[in-house]
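Engineer: First, the structure itself, so that you have it in front of you.
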Amino acid sequence: MNAPIVRPLAELRSMVRGWKSRGETIGVVPTMGALHEGHLSLVRAARASCDRVIVTLFVNPRQFNNTEDYAKYPRTEHTDAALLAPLGVDALFVPDGDEVYPPDHATVISVSGVTAPLEGAHRPGHFDGVATVVTLLFNMTGADRAFFGEKDWQQLQLVRRLVQDLKLPVEIVPCPCVRAEDGLALSSRNQRLTAEGRTRAAALPRTLFEAARRIEAGAPTAEALAAAQEGLEAAGIGPVEYLELRDGETLGEPQLGRPARLLVAAWLDGVRLIDNVAVTLR
């Protein structure tokens, strides 16, 4: 039996009120659908630690700054429901766009600082769309805990900052990035790669991990990043939008003694791929 699909907000809120009245905890996994093993790992984590699990499926138009990317984003609701069936999801919330954003919707939530570099510099307005929809979904679902993958590292830091600054009563639970056998981070957009492109894409994580290893071994950061850039270009991956070492929390300049993160965004077959890896600075 597929996961029960709930569309009207009033119906979801009625379910949530019943659960809350019994003191049950609610775990939420926000998604845009086109589910893969990465999403399912978040659902399993929610199932293991919460009494009730809601998966949200909403392709948020406000976080796309490219209309073609929005139009091409995979929409596979029935397949998604079937994938969730064995995982014990209590509700697959698929709201109508007009219920999330009525015609007179006028509120935008913007988080500064952590959103400025990397994705923020290349996708204007993207993080405003993310912050706004995440806040809406937390309110709609009554989330006690929300589960986010570390693949979208900058998004994870945004959500943490959002919850902290707005004093939202939601615990943010980070979950490890899930990778294919060749190391490529799982993403709904990967299915748009050609067979040849999918093979070449394995060079992205391989190059990223090698650059991280070199930096941890003491190589100058600029030298390691230049070699990684050359490696990506040699593999036919590009253009590279960014390949940067950043502080793991603030995404400012990395500091000795603090966790750092190496992040990349690059194009292949007309598909934008992102990835990141932890780096220990000594």
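Cβ from N, Cα, C; glycine included.
It should be emphasised that the depicted structure is a prediction, and the values quoted were computed from it without experimental measurement.
Annotated ATP binding site per Swiss-Prot: 32-39, 149-152, Val178, 186-189, in sequence order, evidence recorded as sequence analysis. Marked as active site, proton donor by Swiss-Prot: His39. Taken from Swiss-Prot, the feature (R)-pantoate binding site applies to Gln63, Gln155. According to Swiss-Prot, the beta-alanine binding site annotation covers Gln63.
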Engineer: Counting only residues 6+ away in sequence within the same chain, which have a CB under 8 Å from the CB of Glu150 (ATP binding site)?
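Structural biologist: Listed in sequence order, they are Leu156, Pro174, Cys175, Pro176, Cys177, Asn276.
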Engineer: Rank the binding-site residues Gln63, Ser188 by the number of other Cβ atoms within 10 Å of each Cβ and report the first-ranked residue.
Structural biologist: Gln63
Engineer: Return the member of Met32, Gly38, Ser188 nearest to Gln63 ((R)-pantoate binding site) in space, with distance defined Cα to Cα and candidates limited to these binding-site residues.
Structural biologist: Met32
Engineer: Three-state secondary structure of Met32 (ATP binding site) from DSSP?
Structural biologist: coil
Engineer: Tell me, how many other CB atoms lie within 10 A of the CB of His39 (active site, proton donor), whichever protein chain they belong to?
Structural biologist: 26
Engineer: Whole-number Å only: compute the distance from the Cα of Gln155 ((R)-pantoate binding site) to the Cα of His39 (active site, proton donor).
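Structural biologist: Spelling it out, the Cα of Gln155 ((R)-pantoate binding site) and the Cα of His39 (active site, proton donor) are 15 Å apart.
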